[in-house]
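Enquirer: I'd like to ask you about the structure that follows.
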Amino acid sequence: MADLNFTAVHWLYIFGVIVVIATMVLRKNVIIPCILFTFAIGLVYKGSVIGGITTIFNASITAATGLFSIFMIISVMVALLAALEVTGADKVMVKPLKGLMKSPLSAYLVIILGTAFISLLFWPTPAVPLIGALLIPVAMRSGLPPIMCAVAIALAGQGMALGGDVVIQGAPGLTAKSAGVAVEMVTSRAGLLTAVTGIVAITVAWFMNRNEIRLYAEKVKNDQSSGYNIVEQAGGVEKTSDGERYGNFAAALMGILVIGVLVALFAFNIKGGDASALLGGAALLVIIITSLLVYKVKGMDSVSDFLGEGLGFAFKVMGPIIPIAGFFFIGSPDSAPVILGQGAPGYLFDAGNALAAVISPTGFLAGFGLLILGVITGLDGSGFSGLPLVGTLAAALGGGNANVAATLASIGQIGAIWAGGGTIIAWSSLVAVAGIVGVPALDLVRKNFIPVLAGMFVSTMVAVLLML
């Protein structure tokens with residue numbers, strides 16, 4: 001570690017990360033620790049109280065800027081659901097799906113399969129709002145709690161699909177290039193490992209929450225009015241009898257939107273952020289059409305009401321994530337200079353390099369060392385940013401053996417993307433899942449934590465056996 005020139009700020013940041021993780025394990029809110037350590041880092045790095053205070057704000061601004069695209073897609077989809085609810089189109093849309101989701105378990109599995117399919121083809125970014133709009137309402141009326149809907153989406157999309165990325169191959173391509181091995185070697189191994197991780201995590205999550213699911217299902221059964229109504233959470237716009245006349249039309253329009261977006265994604269090879277932009281823009285057009293149909297000239301005002309409710313809901317649910325993300329953004333070499341000033345290092349990545357220097361090159365220690373390193377690099381909320389590091393280290397530990405290097409690199413990829421891609425990092429794209437479903441992001445992290453750790457442990461054991 002001496003060669004890495006660790007400073008007092010490095011140690012302070014590492015201690016802060018440990019405190020934050022411990023606070024999460026104790027099921028307490030981590031906002032205060034994150035703000036205090038952000039202040040302390042700014043105080044020590046800049047050498048003044050004013051510097052510490054401004055660092056708190058600058059970190060939050062940087063985090064908000066990075067996360068705003070997620071906030072925006074949440075806002076638009078909530079506004080769209082509000083507009084559809086006014087016409088009764090939400091009930092028309094979900095009626096055909098009731099046959100597939102007759103129980104909490106069937107709803108859980110349908111959400112997983114639907115999310116995984118769309119996420120494999122287009123990454124999880126567009127999958128979350130699509131699944132949220134179409135499947136979550138029916139799943140909740142089938143007795144699946146909102147938090148378990150979010151768990152299913154996160155484990156299937158941000159975890160299992162993105163962890164292997166076997167179709168688009170963005171993640172294995174980056175990992176393989178850094179490890180100096182063929183892309184297909186990483187793709188095949190990462191695909192197997194993410195499948196093992198996903199199956200274990202999905203199974204463990206279900207059995208850990210059986211009592212909660214049973215109680216919620218009984219509540220829904222006893223109260224037929226129970227179920228998903230995101231509009232009530234957001235404040236709602238009054239439904240009118242005139243609006244209900246357009247329910248079938250609005251439902252058909254929503255169907256055209258979904259099919260049109262999927263066709264465009266295939267035809268024009270649109271992925272990631274561009275896919276979300278296409279979906280969000282199309283959703284805004286549907287909001288406008290629906291508002292004008294129902295409210296006529298007054299629709300000019302109702303559109304702003306819908307969007308205002310959507311933004312209010314997004315910031316109410318996701319706002320607490322901003323100062324948390326700000327603390328972890330200090331750990332990234334890309335955002336640290338923006339927050340602290342030019343020349344500031346990425347403290348989290350420096351810690352990752354320090355860990356890499358002491359990892360054993362063989363057996364279980366190498367496998368679990370790469371897994372831990374991957375998880376650490378994912379703490380900044382970006383599953384992809386640590387892939388070059390884990391790939392490079394895997395190549396060094398592989399000692400010229402392509403099979404070992406590819407397997408170790410795949411383990412690191414699973415750790416980085418399952419954590420930061422993300423299923424157990426609240427300031428990652430997991431905020432989109434929590435926001436669309438309408439549950440606190442930190443609660444979702446707690447639900448995912450043990451299942452994901454169990455899944456990664458089992459998959460790493462499998463990977464180590466493959467290297468023997």
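In case you wondered, yes, glycine gets a Cβ from its N, Cα and C as well.
Because TrEMBL annotations are produced automatically, they should be read as predictions rather than curated entries.
Per TrEMBL, the features are:
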- 6-26: transmembrane segment (TRANSMEM)
- 33-57: transmembrane segment (TRANSMEM)
- 63-84: transmembrane segment (TRANSMEM)
- 105-123: transmembrane segment (TRANSMEM)
- 190-209: transmembrane segment (TRANSMEM)
- 249-270: transmembrane segment (TRANSMEM)
- 276-295: transmembrane segment (TRANSMEM)
- 307-331: transmembrane segment (TRANSMEM)
- 351-375: transmembrane segment (TRANSMEM)
- 387-411: transmembrane segment (TRANSMEM)
- 417-442: transmembrane segment (TRANSMEM)
- 449-467: transmembrane segment (TRANSMEM)
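Each of these features: where is it, how hidden is it, and who are its neighbours?
Expert: Residues 130-131, 134-136, 138-139, 142-144, 148-149, 152-153, 155-158, 160-162, 165-168, 170, 202, 206, 265-266, 270-272, 275 of the same chain lie 6+ residues outside the transmembrane segment (105-123) yet bring a C-beta within less than 8 angstroms of a C-beta in it.
Sequence-distant contacts of the transmembrane segment (190-209), counting only residues of its own chain at least 6 positions beyond either end whose CB sits under 8 Å from a CB of the stretch, comprise 105, 108, 112, 145, 147-148, 151-152, 155-156, 159-161, 163-166, 171-172, 175, 410-411, 413-414, 418, 423, 447-448, 450-452, 454-456, 458-460, 462-463.
Using a Cβ-Cβ cut-off under 8 Å and counting only residues 6 or more beyond its ends in the same chain, the transmembrane segment (276-295) has close neighbours at 69, 72-73, 76-77, 79-80, 83-84, 86-87, 89, 125-126, 129-130, 240, 242-243, 246, 249-250, 253-254, 257, 260-261, 264-265, 270, 301-303, 306-307.
Residues 1, 3-4, 6, 10, 13-14, 17, 331, 386, 389-390, 393-394, 396-397, 399, 408-409, 411-420, 456, 460-461, 463-464, 467 of the same chain lie 6 or more positions beyond the ends of the transmembrane segment (351-375) yet place their CB under 8 Å from a CB of it.
Within the same chain, residues 171-172, 174-182, 185-186, 189-190, 193, 349, 352-353, 356, 359, 361-362, 366-367, 370-371, 373-374, 377, 459-460, 463, 466-467 sit at least 6 positions outside the transmembrane segment (387-411) and bring their C-beta atoms closer than 8 Å to a C-beta of that stretch.
Long-range Cβ contacts of the transmembrane segment (417-442) within its own chain (Cβ-Cβ under 8 Å, at least 6 residues beyond either end) map to 24, 29-30, 63, 67, 70-71, 73-74, 77-78, 124-125, 128-129, 132, 136, 146-147, 149-150, 153-155, 157-159, 162-163, 165, 171, 194, 197, 201, 230, 233, 313-314, 317-318, 320-321, 324-325, 328, 374-375, 377-386, 448-449, 452-453, 455-456.
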Enquirer: Counting Cβ pairs under 8 Å that are 6 or more apart in sequence, does the total for the transmembrane segment (249-270) and the transmembrane segment (307-331) reach three or more?
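Expert: Contact between the transmembrane segment (249-270) and the transmembrane segment (307-331): absent.
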Enquirer: Does the transmembrane segment (307-331) come close to the transmembrane segment (6-26), meaning at least 3 CB pairs under 8 Å for residues 6 or more apart?
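Expert: Contact between the transmembrane segment (6-26) and the transmembrane segment (307-331): present.
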Enquirer: Quick check: do the transmembrane segment (63-84) and the transmembrane segment (307-331) share at least 3 Cβ pairs under 8 Å, counting only pairs 6+ apart in sequence?
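Expert: Yes, these stretches are in contact.
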